[in-house]
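According to TrEMBL:
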{"type": "ACT_SITE", "residues": "Asp150", "note": "active site, proton acceptor"}
{"type": "BINDING", "residues": "Lys55", "note": "ATP binding site"}
{"type": "BINDING", "residues": "Asn155, Asp168", "note": "Mg(2+) binding site"}
{"type": "DOMAIN", "residues": "16-304", "note": "domain 'Protein kinase'"}
Amino acid sequence: MKEFSFVELKAATRSFKSDLLLGEGGFGKVYKGWLDHNTLAPAKPGSGFVVAVKKLKPESVQGLQEWQSEINFLGRVSHPNLVKLLGYCCDEGFLLVYEFMPRGSLENHLFGRNASREPLSWDTRIKIAIGAARGLAFLHTSEKQVIYRDFKASNILLDGDYNAKISDFGLAKSGPSGEDSHVTTRIMGTFGYAAPEYMATGHLYVKSDVYGFGVVLLEMLTGLRALDTKRPNGQQNLVEWIKPSLSDKRNLKTIMDSKIKGQYSSKEALKVAQLTLKCLQNDPKNRPSMEDVLDTLEGIQGIIKHRMKASKKQRTKLAAMNNFQQPRNEM
């Protein structure tokens, strides 16, 4: 991991040009930049490779803690489903440099301006869920266990092929040590995604992440945000509103995202709904591990691939029959 100077990152982002702004949050802003492939020196736009540069607000104490947390966790782990941290800067401000994810966040694809025009297909949603599950399972089973703590759609970024990578380790915590089942910490994270036991007590379990994963699965199933104050009373919290319907086969059709109608079999939808319900259990002990979640999702992906293959075969067969039945011109 490289230590960059502020001057280098200023040059890479064209002095943090406003039209290179990729996004912003409480921590600060993220800009697009260019670096040379070999030397990692600043490069001209269009040459070298694209990176994302996160520039923290100078006055943010929380931002500084999150900056340190990112370096501590992403600096020592590497996995295809975690966003790669390429370097950092701590002169004239605190900055982080990541690989660039061209398709942006899952949140944007589900709820952004183009979500209705170009909705994510059913099989792509499952692919994204599998990638994110792999990333979380890796964190939970690594030698030094990590609890991610802030799993949500905006923190799942997508590469050009819709492979999911988990980003933003600012709130990550080391897992419990010895015989402990949880770590006790100040309540942070995002309301609507955070597990009930964590919100109530500050007790953070590995399976608190599994709850957050369940919320994201629910968003992918329904196409609705975890929290939305514009919805009528009783429907603003997605989990509270939809959870009772997940175990009801007949109700399932009514809660599925209308943008993917006709793309899934009822068997596939039911299996994802059942998995979502398991992840959203109130007692963390009753939730599956992320490894079990991953196994289930890969099984569902197998069913989807088999169905799509059979469907393609059927179409080819029908096309061949149609060609055969076409009347031939008489000589």
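Yeah, the Cβs are placed from backbone N, Cα and C, and that goes for glycine too.
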Local Cβ density at Asp168 (Mg(2+) binding site) - other Cβ atoms counted within 10 Å | 23
Just jot down the residues in the same chain as Lys55 (ATP binding site), at least 6 apart in sequence, with C-beta under 8 A of its C-beta; none if empty.
-> Leu9, Phe16, Gly28, Lys29, Val30, Tyr31, Gly93, Leu95
Could you check what DSSP calls Asp150 (active site, proton acceptor) once collapsed to helix, strand or coil?
-> coil
Averaged pLDDT, computed only over the residues in the domain 'Protein kinase' (16-304) = 91
